[in-house]
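Here is what TrEMBL says about this protein:
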type: TRANSMEM; residues: B:21-44; note: transmembrane segment
type: BINDING; residues: B:HIS60, B:HIS347; note: heme b 1; low-spin binding site
type: TRANSMEM; residues: B:64-82; note: transmembrane segment
type: TRANSMEM; residues: B:94-116; note: transmembrane segment
type: TRANSMEM; residues: B:128-150; note: transmembrane segment
type: TRANSMEM; residues: B:162-184; note: transmembrane segment
type: DOMAIN; residues: B:203-479; note: domain 'Cytochrome oxidase subunit I profile'
type: TRANSMEM; residues: B:204-225; note: transmembrane segment
type: BINDING; residues: B:HIS207, B:HIS257, B:HIS258; note: Cu cation binding site
type: TRANSMEM; residues: B:237-255; note: transmembrane segment
type: TRANSMEM; residues: B:267-288; note: transmembrane segment
type: TRANSMEM; residues: B:309-330; note: transmembrane segment
type: BINDING; residues: B:HIS345; note: heme b 2; high-spin binding site
type: TRANSMEM; residues: B:350-370; note: transmembrane segment
type: TRANSMEM; residues: B:382-412; note: transmembrane segment
type: TRANSMEM; residues: B:432-452; note: transmembrane segment
Amino acid sequence: MSGLSLHKKLEENIGLLIFGILFVSSLGGLVQILPLLNQDMTEAAKNTRVYSALELTGRDIYIREGCSVCHSQQVRPLIAEIERYGPYSRAEEFIYDRPFLWGSKRTGPDLHRVGGKFSDDWHRVHLVDPRAVVSESIMPGYPWLARRNATQAGNIVAKMRGLRYLGHPYSDEDIEAAPGQLEGLKEIDALIVYLQRLGTAYTGERSQ
Amino acid sequence: MIDVNNSTYHDKVVIRLIQFSVIWAVVAMTVGVYLSAELIWPTIDFGQFWLSFGRLRPLHTNGILFGFGVSALMGTAFYSVQRTSHVPLFAPKLAWFCCFAWQLVVLTGGISLLGGMTSSKEYAELEWPFDIAITIVWVCFGIVFFGTIATRKIKQIYISNWFYGSLIIVIAMLHIVNSLAIPVSLTKSYSIYAGAQDAVVQWWYGHNAVGFLMTGGYLGMMYYFLPKQAGRPIWSYRLSVVAFWAFVYSYIWAGPHHLHFSAIPEWVQSLAVVMSIILLLPSWASMINGIMTVSTAWEKLKTDPALKFIVLSLAFYGLATFEGPMMALRSVNVVSHFTDWTIGHVHSGALGWNAMVTYGTFYFLVPRLVGVELHSVRLANIHFWLALAGTMLYIIAMWGAGVSQGLLWLSIDEIGELSFSFKDIMSSMTPYYALRLVAGLIFLGGTVLMAYNLFMTLKGRDAVVVKVPPVDPAYGVNS
């Protein structure tokens, strides 16, 4: 049977056609994705710290406000980037990132190494009114973050339980203590704690 | 001749889907124009969370992709699958369910995005309750579409149905795999993938949402409506078949080119580069096939705005599918990645290819559906030039901005210091952003003209009743 008459069968049989499309289109994903999913990250994991209740709350606010629309969290291994932002990003730093927040656009600068670069007070002013500290900035202000309580940003106990189910090493004590850690704080505080931790949680070897 | 028991085609649902599609086009493009203004005047969100750039931008992309795009694809698929199968829609009530349930998902999903419900994964931002709803509607779409083909009276399955079919199958696969997550509340879930793995899965999805929704689906539209409009059979049916399988096979591999120089394995990146270059072949095969189909009917371009739109869309399809593989090269990507060049590239595809082939199809289809002439051919011609001007200006503005950003960010002086600060580069973008705003307004203006034109064409009219024509026994299923 020639290739053409074989193909004629496909053209006249919808079941075969559906199967053909599914088979051919799944090959690429199987080859590229499966090996990564099976990668053992336990060795790398011991050098990366899991997010605290406050950091996690801040991270989810970062997601909610769409910060990753304009800010990447992925320093490329290029001289100019290392000079501008700091050491390039490595896979093991992101093992507790659900979802990843590498972004695809830098309308504003990369934030993966922003932790510790500015004071908490600078962030507090900047997040509410960016142009008060950077006159050329086109970043939106987020005044509501200073008004809303950190406890309003979702049920932290449910979140940490969900992440523990996915393998994040939270103890019962960690989860029990979580609501108390958010008490009395605003959303902006949580976001700043997250920003200050960015790119600093990895304690293993790092080549420049 | 086999007479198909006096049955008629279901076209009312097609009209309704086209109307929804046009409404979403106007809404989502207006949001896009507003976003582009926010990049020039950042305070026009007035301190309102729901006008904030980070929340509005996903509304723009989702509104275009799922509102404007999927409604148009669903409508034209329902129309063409009946004609190419010589049977009415399978399960017409389910088709109506797809039509309205989909609009409800897009509408409520859009509101949820403004409310800050987001997974942050690009083009998959909607949270888990919407992901489930999308899956349900999508499966129903598949049942209607493949059910119609399964009950067809024509032996051969026409090529447009393969492309529409690949849209339905592959998008279902991508959507389900990429959206797997553990819900922690009604509004929040955590991806089952973390970090670099999540990145690879997301861009496998993200790249192929472009591949199978914005390319596969629209190629289905092109393969049915271009030959109809030109009054010529497709130039080379064999080429369309070869291009189809090459397209389905190679597109899937190219996703990791969105992650060059990132913390994913280098072999994955390199493989994506190779497959991205290969992808040029099936892309251009379909473009050439489309253009050659019109090659003996060029005189129709003088009088027919619908055909003009479709032919121009193929030119932009060719441009965008050339630019894409080039941007996948590491040496180009090092400049283009993270810049407005990417935004320009997306819009050369979304405005130049997707919107224009849809506009051409709507101008062709809407008058036919209600059995009248288009309300105003003159307005459609004006729309054509607005669409072309808007798209060109948009691309030029974003090339200017993107190439500047890319080169200036990487620029280092003779003693190894960075030449420019980030904020200086950013603040020099205003002229480009202003040009982009103008371009967006021009394109939106054209779209509003079309909305008016189609509204006047449809106004007070009902779908023409079209009887399923008899099938020539030589091509029938029972021969």
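In case you wondered, yes, glycine gets a Cβ from its N, Cα and C as well.
If you take the Cα of B:HIS258 (Cu cation binding site) and the Cα of B:HIS60 (heme b 1; low-spin binding site), they are about 21 angstrom apart, rounded to a whole number.
Same-chain neighbours of the Cu cation site beyond B:HIS207, B:HIS257, B:HIS258, judged by a C-beta within 8 angstroms of the site's C-beta center, are, in sequence order, B:TRP203, B:GLY206, B:ALA254, B:GLY255, B:PRO256, B:LEU259, B:ALA272, B:SER276, B:ALA328. Proximity to chain A (Cβ-Cβ distance under 8 Å) holds for the following binding-site residues out of B:HIS60, B:HIS207, B:HIS257, B:HIS258, B:HIS345, B:HIS347: B:HIS258.
Same-chain residues lying 6+ beyond the ends of the transmembrane segment (B:162-184) with a Cβ under 8 Å from its Cβ atoms: 73, 77, 80-81, 119, 121, 124, 128, 131, 134-135, 138-139, 141-142, 145-146, 149, 190-193, 201-202, 204-205, 208-209, 211-213, 216-217, 219-220, 223, 244, 247-248, 252.
Under 8 Å from some Cβ of the transmembrane segment (B:267-288) lie the Cβ atoms of residues 200, 215, 219, 222-223, 235, 239-240, 242-244, 246-247, 250-251, 253-257, 259-261, 314, 317-318, 321-322, 324-325, 328-330, all in the same chain and six or more residues away from its ends. In sequence order, B:THR391, B:TYR394, B:ILE395, B:MET398 are the residues near B:HIS347 (heme b 1; low-spin binding site), counting only same-chain partners six or more apart with C-beta under 8 A. Contact between the transmembrane segment (B:382-412) and the transmembrane segment (B:309-330) is supported: at least 3 Cβ pairs lie under 8 Å, counting only residues 6 or more apart in sequence. Listed as Cβ neighbours of the transmembrane segment (B:94-116) (distance under 8 Å, sequence separation of 6 or more from its ends, same chain) are residues 10, 13, 16-17, 20, 24, 49-50, 55-56, 58-59, 62-63, 66-67, 70-71, 74, 78, 125-127, 130, 133-134, 136-137, 140-141, 143-144, 187. Neighbours of B:HIS60 (heme b 1; low-spin binding site), defined as other CB atoms within 10 A of its CB across all chains, total 21.
Beyond the ends of the transmembrane segment (B:204-225), by six or more residues, the same chain brings 65, 69-70, 72-73, 76-77, 80, 83-84, 121-124, 158-164, 166-167, 170-171, 174-175, 177-178, 234, 240, 247-248, 251-252, 254-258, 283, 286, 290, 310, 313-314, 321, 349-350, 353-354, 357-358, 360-361, 364-365 to within a C-beta distance below 8 angstroms of the stretch. Outside the transmembrane segment (B:237-255), and at least 6 residues removed from its termini, the chain residues within Cβ reach (under 8 Å) are 159, 162-163, 166, 170, 200, 203-208, 211-212, 215-216, 219, 223, 271-272, 275-276, 278-279, 281-283, 285-286, 288-289, 328.
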